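Asker: Please find one structure pasted underneath; my questions will follow.
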Amino acid sequence: MTFQATIQNEVRTVGVGLHSGNLVTMTLKPAPPNTGIVFVRTDLNGAYVKASIEHIDFSMLQLATTLRSGRALVQTTEHLLSAAMGSAIDNLIVELDGAEVPIMDGSATPFLMLLEEAGRREQAVAAQVLRVTKPFFFEKDGKKVWVTPASDMRVSYEIRFDHPLIQRQRKTLVVNAAAYSGQVAPARTFGFLRDLNYLRGQGLIKGGSVDNAIVLDSDHMLNESLRLKDEFVSHKILDMIGDLAMAGTRLEGHFQGYKAGHEMHALFLQALLENEDCYEMVRGDVAAESPVFATSMVEVPVPA
């Protein structure tokens, strides 16, 4: 039997919001079983929003994943949610005194370190899992996301950029704590210098710098070095895991992306959850009577 988990102790950090450029204090707190991951805006008298597909703001998916419920809006949630899923943390209260999760160094490693500092505590309630039972495919404008059945959670990704440091990269990760920590968590977000002025004119990436992103010009990068030889595609896997956390439970299946991004991840997950004949809900190792969700991944060729 697999059980739900939360953190042992409260932890806190301060960082800059990638898009707002504002300092944000973030506090992680333990949560009871079946809570899920809930973001609380302490600057808005405790207005809150739960990480779930129905709370994604589909109008704000250009460069990050945003959640909205009533007055509560929280941007750039994907790296923290990815770290929580990579650590098998199901229940968590995330308090913020601003509208954005801090970007930290642009990777998931600082969030993993916070979760490790807090400690992991299993709870006496079976974990909920969405187990994929049939292949499901979603495509839009040449971008593709799909899933096939698997006995664990796996994520594969392929990206193609006309840049000498990226070109074509493909990677597969079996999602467990050790593999996630070493092969994906250190990968930083990345962007192109040519887009900087336009994005800042749109009120975005005001807090972006080489301290929290890989910045690329036409054929080089402004940073000193890469952390991983496949850091670019590794970060796409990191993002996809965080976006899939919007299912609200653990996942079992092989999830794959091709030239996709936050919007495609969200549209795919929304469509998958609406196609109930493609998955079953299980609690621990036993089929559940009520719907719940799960993820996993395996490497297969990109569909034509």
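In case you wondered, yes, glycine gets a Cβ from its N, Cα and C as well.
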Asker: Taking TrEMBL at its word that His235, Asp239 bind Zn(2+), choose the one of His19, His55, His79 listed for that site.
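Answerer: When TrEMBL describes the Zn(2+) site, the candidate it includes is His79.
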Asker: Specify all same-chain residues, apart from the site residues His79, His235, Asp239, whose Cβ lies within 8 angstroms of the center of the Cβ atoms of the Zn(2+) site, ordered by sequence.
Answerer: Glu78, Ser82, Ser107, Ala108, Ala187, Thr189, Lys236, Ile237, Leu238, Gly242
Asker: Looking only at His79, His235, His262, the recorded positions on record, which one has the least crowded Cβ, with the fewest other Cβ atoms within 10 Å?
Answerer: His262
Asker: Once near-sequence residues are set aside, which residues in the chain of Asp239 (Zn(2+) binding site), 6 or more away, have Cβ atoms under 8 Å from its Cβ?
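Answerer: In sequence order, Glu78, His79, Ser82, Thr189, Gly261, His262, His265 meet the Cβ cut-off.
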